[in-house]
Every structure is written in structure tokens, then in C-alpha cells.
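Annotated features, as they stand in TrEMBL:
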type: REGION; residues: 1-33; note: region 'Disordered'
type: COMPBIAS; residues: 18-29; note: compositional bias 'Polar residues'
type: REPEAT; residues: 131-173; note: repeat 'WD'
type: REPEAT; residues: 174-209; note: repeat 'WD'
type: DOMAIN; residues: 384-525; note: domain 'U3 small nucleolar RNA-associated protein 15 C-terminal'
Amino acid sequence: MAETQSIARTFPVKPKLKSTSANSSTPTPESKYWKSFKTPKEIQAPQTLVSSINSIAFSPTSPHDFAAAHSATVSIYSGKTLEPKTTISSAFRDTVTSASFRSDGRLIAAGDLSGAVQVLDLKTRVPLRRLRGHTRPVRVVRYPRVDKLHLFSGGDDAIVKYWDITTESKIYDLFGHKDYVRCGDASPVSDDMFVSGSYDHTVKVWDVRVMNSGSVMEFDHGKPVEDVIYLPSGGLVATAGGNSVKIWDILGGGKLLCTMESHNKTVTSICVGKIGKESGEEAQQYRILSVALDGYMKVFDYAKFKITHSMRFPNPLMSVGFSPDCSTRVIGASNGTLYIGRRKVKESESMELGDVGGFGPVEEPQRRVLRPSYYRYFLRGQSEKPSEWDYLIKKPKKIKVTEHDKLLKKFMHKEALLAALNGKNPENVVAVMEELVARKKLMRCVSNLETEELGLLLKFLQRYSTMPRFSRFLMGLTKKVVEMRAEDIKSSDELRGDIRNLKRDVEEEIRLQQTLLQIQGIVTPLLKIAGRR
């Protein structure tokens, strides 16, 4: 018997009722990854431009500078310092709506509301080509993945044009849309294919090798299409329109795979982001980043069809971009604010991503590995961190047993309840009460309480019985306590005062709940009406 008592372990009583607060939820590793994009201290945050940020484009070459199109200007930002690098404004007559880098990062093409498409040299800021052909504002301009001699554009004239840059002439006029062409993207697997989206609710897939049949595929988004992108595999397309983002399978004949409706207002822009490294278990974990007029940025895992992260911004969002090296995230707002986030890239990741800034990978100096045959191996202190192959033996933590836990262990139930009540910690009191319910001793303890001890219990019930966390348990207990000790309460003025206070708090809580229900009845129809718009 003595051996059994020495071996038995003591577990402290813990409350079964847990807080349902949103802040208590532990962040997932992916949430930590997206939260790690923070504005560096070296730049002023956030960057504010003249007007709405219509387009954000990243250079495909290191160090991945990015361009922001706003008003009649294209601002180029350094991929290293995130500071403004150059500004191109003299070439444009009207508001710039779209920009796209060439595959080598030396040229940039941009379209504006005047209907012209400009091809500019980033070093000299001189327009090299001016492509005229659209009769209405140009809304989208894109270079193919590798091809340096062609690009396509679309505009409010409902025509998609395929251009030969060297001769400044259009090769094809692609008809099929019945309303404004507002977005498009080039295929990541073929320079001859691209996709366009229109306000006529349709998305069309074009192949310049097929001339006579028009678009090779078409699917209906159901709402005016604000943005469309190819996913990295080249076989899937994501479209944004209304408050939804949809994923389509091109190889499967335009089959709808998934619909994400997590935004409350119109989704204005989407892009592809990537998590992890180029190799290993975290490789090729792509996500869809969407921004909307409700000020939210959502991260969508289209492999598992679920939202993995959400972030709130103070202004309506118009555009989003993600750097190819997974280090920079840029979001443009309607008031001209640029929210630039930079993630600290580990040395191992930066070396896998290749040369940075024109320099070769830096060789890390080799450290001498300590072995058991070395004398210094046995002089390591407690601050020495374990290596990957070490087997850790953790010292078990000593369990702190409170006074009421000691009394419960001795089966002194009434004393344990009084000790918890005197401790003034509601979680411990409720935990002890739940333990006494499990032992079927709670009501016996209540019946044996003296007048002063009963007053202590009534004061606790009066204070915490209306709290949402404990109300379901404590309200039922309050009713039984009043019924069981009614005679004692009538004979004591102090206990009658406690009951009056308890009654007043319960009536106040009922009034509050009725008011909240009235407010809910007013707000619910308004939210439904706002959701339909």
C-alpha cells in the first residue's frame, strides 16, 4: 500500500471551461510565415503615392525590382532597399493602368487610358516603341514568359491585340469579348498561349498558333472579371470577380474546381505566392493571394481548398504582387498607399535562390566540430545548444499543488471548496465545483456550509453567474443553492441582501441580452442587403 501511494501521481484540478477568445488560438506555422513580412525600419511605412495603385509588377531577374503604376506615372522600386529607384512619367499622356517587365528585366511595357502601349528602357527611361491600335483605354499589357519580341494587350474596346514589338505593328486582332477587357496573363509553359478576362463575365484562352477558330476555350465566371492569372503548373487558371475567386482546370476542358467566397466586397487583384524553399518537403507550396475593396488580403491554399491566412488593411486594396524569390510582398491601396513587406531570408535559402546582386554565393566559414575526444567537449556550459543528432532528455517539471488540490486529495471536500472561494480565482472555484460534481459531493458541501460560508458562496455566484464562460454551470447551481438553503436565507439579513444583489444582476443581464437581440434584428437585414450588392 505504501508503494502504491508513493508511485501515484497527483494532477492539479483544472477548469473544463476554456475561453473562446480569438486571441487565445495559437498561430499556425503558415500564419507566422505571412506575418513575418514586415516593413523594414530603413524605409518610411507605408509609401504614399499620388493616386490609386492600378498595377504592381515584379522583375523576373534578380534583385527583382518592382513597378507600381499610378496616375500618369510608373514608379520603379529597388528590390534590395525597397526605396524609389526611378520614375517614368514623361512618356504617358493619361493614367497608367498596367505594367509588365520583359523576361530579361531590361524593358518594361505599360498601357494607359489614352489607348497607347509604351515599351520603355528602364536605364534611360526613353520610350523605344509606341504601339497604337486601341480605340479605347488599355487595361492590360503582358509580356510572354520568355519571348522578347511580342506582347499582348486588351482594353475597353473589347479587343485583345497581339503585337510585334520590333515593327510596332499588330499581328492579330482577337475578337470574342462583348465588353471591356480588364485583365489577362501569359502562360508559364507556352509563349503562344495567354488568357484574358472581361466584364462580359467570360474568360477566354487564346493560342496564336490557332487563327481561324477564335479562342480555344471559354468559361463563364458569373460576375465581371477583375483579374485572371495562370497557376504555376500551366494547367489551372484562377479568376477574380465579384466577391469570389474561382479555379478552373484548362486541361480538363474548363472544369470549375473550386470557388472561394471569403471577401465581403469586390476582389480587385490576385497573384501567386510561394512558401518554402526550392527543394525539400516545403517545395512547390504555392498559394493564391487575393485583395479586395473590403481591405482584406486572403491567402488561399488551392491544393487543400481552404483559407490559410487573412490580414486587414485600413484602406480598400487595388493590386498585389509577390516577388519570385519569396522575400517581398507589395500591396497597393486606392488612396495611393503602398504596403511593402519584407521577410528575412535565411542564409541557406538565399544561397539556394542563387546569386544575389550579381555576386556569387558566399561561402560560410567552416567551424571545427567538437568531438568527445576533444578536451573542450567536456567544458561546454548549460548555454550550449544541442545539435541535430543529440537525443534530448528533459527533466520533468515539478507540479505545483495548490491548497484546494491538497484538500481534495485528502477527501476534505468542504474545506477544498472554501479554500478555492477564499483564493478569489473564479477558474479554480469552478474547477473545484466540477470535481465535486464528478464525486457527487457538491450539494452535500453546500448543505453543510455555515451562514458566513454560505454568504461567501452567494457573493461568488452573484459576481460570476452572469459571465458567459461560467453562466451555464453557475446559474443551475444558483437555483439549487437558493432552493436548498431558503430557510437560512430568510433568517439572515446579510444573506437576503446577497440574494437581492444577485436578482438585480440577473435582471440587468436579461435586459442587456434583449437589447442585443434587438440590435441584431436591425443589423442582419442590412448585412444581407449589403452582401447582394
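The backbone N, Cα and C atoms fix where each Cβ goes, and this holds for glycine too.
From a predicted model like this one, the values you see are computed outputs, not experimental measurements.
Helix first, then strand, then coil: DSSP counts for the repeat 'WD' (131-173) stand at 0 helix, 23 strand, 20 coil. Counting residue by residue with DSSP, the domain 'U3 small nucleolar RNA-associated protein 15 C-terminal' (384-525) contains 103 helix, 0 strand, 39 coil. Averaged across the repeat 'WD' (131-173), the predicted model reaches a pLDDT of 90.
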